[in-house]
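Trainee: First the structure, then my questions, so here it is.
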Amino acid sequence: MRGPSWSRPRPLLLLLLLLSPWPVWAQVSATASPSGSLGAPDCPEVCTCVPGGLASCSALSLPAVPPGLSLRLRALLLDHNRVRALPPGAFAGAGALQRLDLRENGLHSVHVRAFWGLGALQLLDLSANQLEALAPGTFAPLRALRNLSLAGNRLARLEPAALGALPLLRSLSLQDNELAALAPGLLGRLPALDALHLRGNPWGCGCALRPLCAWLRRHPLPASEAETVLCVWPGRLTLSPLTAFSDAAFSHCAQPLALRDLAVVYTLGPASFLVSLASCLALGSGLTACRARRRRLRTAALRPPRPPDPNPDPDPHGCASPADPGSPAAAAQA
C-alpha cells in the first residue's frame with residue numbers, strides 16, 4: 001500500500017505562493033518612484049510627482065520650463081527657479097493644467113503666446129518677479145482663470161488688452177508694483193471680480209483714478225487693507241485713502257465720450273470728424289457774432305435821441321458858422 005502522495009498539490013501551491021504577493025509588488029513599484037525616470041512616464045524627469053497630477057519642480061535652479069509635460073498634469077510648481085523668460089508654447093502638452101506657480105523666478109519677459117493651450121488653468125501665480133509690462137493678449141487664452149497674482153513686480157501700467165476678457169476671474173493681486181492708476185476699462189472686462197489687492201502702489205489721486213474709486217465703492221476692501229491703499233500725490237492728498245473719495249470729488253473731471261459719440265467718430269472717421277467739428281465751431285461762432293450785433297442794434301434803437309445843444313461850441317478854428325448872421329457869408333447873402 002502506497003503512502004499519500006504530495007506530487008500533485010505542489011505545483012498549485014507554488015503557483016499560489018508566487019501570485020499572492022503580486023499586487024503588493026505592483027503597488028510598491030508604482031508609488032515608490034517619485035521621479036519621471038523611475039516609473040512615472042508622465043512626469044518631467046527633474047521633478048517629483050505624486051498621484052493626482054501634481055508635479056513639484058520647486059527650487060531646482062531650472063533655467064526654463066522642463067520638457068515632458070503631459071495631459072495628466074493638474075498642478076505644476078515651478079517657484080524659486082531661474083526661469084527668466086517664457087517663450088511661445090512654453091507649456092505645450094499640459095492642456096489639462098489647472099494650477100501654475102511661477103513665483104520668484106526673476107521672470108522679466110512673457111511672450112504673448114506663452115500660455116496658449118492652457119484653457120483649463122484656474123490659478124496663475126506670477127508674483128515676486130521682474131515684469132515691467134505685459135503684451136496685449138497675454139492672458140487671453142486663460143478663459144477659465146479664477147485667481148491671478150501679479151504682486152511684487154515692476155508694473156507701472158496695466159492695459160485692459162493685456163488681461164483681456166476674463167469672465168471667471170474672482171481675485172486679482174496687484175500689490176507692491178509701481179501703478180499710479182488703472183487704465184479705463186480694465187475692471188469693466190472682469191465681471192466676476194470681487195477681490196482686488198492694491199496696497200504698496202504709488203497711487204495718484206487725480207481724474208485717472210475715478211474708475212477705480214467707483215469700483216471700490218461697489219466692492220469695499222477689508223478694513224485692514226483699505227487703510228493701506230493710499231495716495232502719494234498730489235501733495236494736499238498725500239496719505240489719503242482711496243476709499244475716502246466720493247464721486248463728487250471728481251465732479252471737475254471731464255466726462256468720457258458716450259457710446260453714441262464714439263459711434264459717430266467711428267462712422268465718420270477721425271479726419272471727417274475733425275472737419276465736422278471745426279465746421280460746427282465756425283458756424284457756432286458766426287451765429288454768436290450775429291446775435292451780439294443784433295442785440296447792439298436793438299439796444300441803440302431803443303435809446304432816446306440826444307436833445308440839441310442850445311449853446312453850441314464855437315468853431316475850433318475861429319471860423320464863423322454859415323448860420324451865424326454876423327459872418328461875411330451871411331452879409332453877402334443879404
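The first residue you see is number 1, and the count goes up from there.
Positions of Cβ are set from backbone N, Cα and C atoms, glycine also.
The disulfide bond annotation in Swiss-Prot covers CYS43-CYS49, CYS47-CYS57, CYS205-CYS231, CYS207-CYS253. The annotation signal peptide is assigned in Swiss-Prot to 1-26. The topological domain 'Extracellular' feature in Swiss-Prot is assigned to 27-261; the stated evidence is sequence analysis. Per Swiss-Prot, topological domain 'Cytoplasmic' is recorded for 283-334, and the stated evidence type is sequence analysis.
For each feature listed, report its degree of burial, its nearest neighbours and the pertinent distances within the displayed model.
Mentor: CYS57 (disulfide bond) carries neither a helix nor a strand DSSP state and counts as coil.
Its Cβ placed at the centre, CYS231 (disulfide bond) has 22 other Cβ atoms within 10 Å.
Counting every protein chain shown, the Cβ of CYS253 (disulfide bond) has 12 other Cβ atoms within 10 Å.
Mean per-residue pLDDT, taken over the topological domain 'Extracellular' (27-261), amounts to 87.
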Trainee: Report the nearest neighbour of CYS207 (disulfide bond) in space among the disulfide-bonded residues CYS43, CYS47, CYS49, CYS57, CYS231, comparing Cα positions.
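Mentor: Minimum Cα distance from CYS207 (disulfide bond) across CYS43, CYS47, CYS49, CYS57, CYS231 lands on CYS231.
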Trainee: What does DSSP say about CYS231 (disulfide bond): helix, strand or coil?
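Mentor: Its secondary structure by DSSP: strand.
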Trainee: Quiz question: given the disulfide-bonded residues CYS43, CYS47, CYS49, CYS57, CYS205, which has the greatest number of C-beta atoms lying within 10 angstroms of its own C-beta?
Mentor: CYS43
Trainee: Cα within 10 Å of CYS49 (disulfide bond) is the criterion; apply it to the disulfide-bonded residues CYS57, CYS205, CYS231, CYS253 and give the hits in sequence order.
Mentor: CYS57
Trainee: Do me a favour and check the Cα-Cα span between CYS43 (disulfide bond) and CYS231 (disulfide bond); whole Å is fine.
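Mentor: If we compare the Cα positions of CYS43 (disulfide bond) and CYS231 (disulfide bond), the gap is 48 Å.
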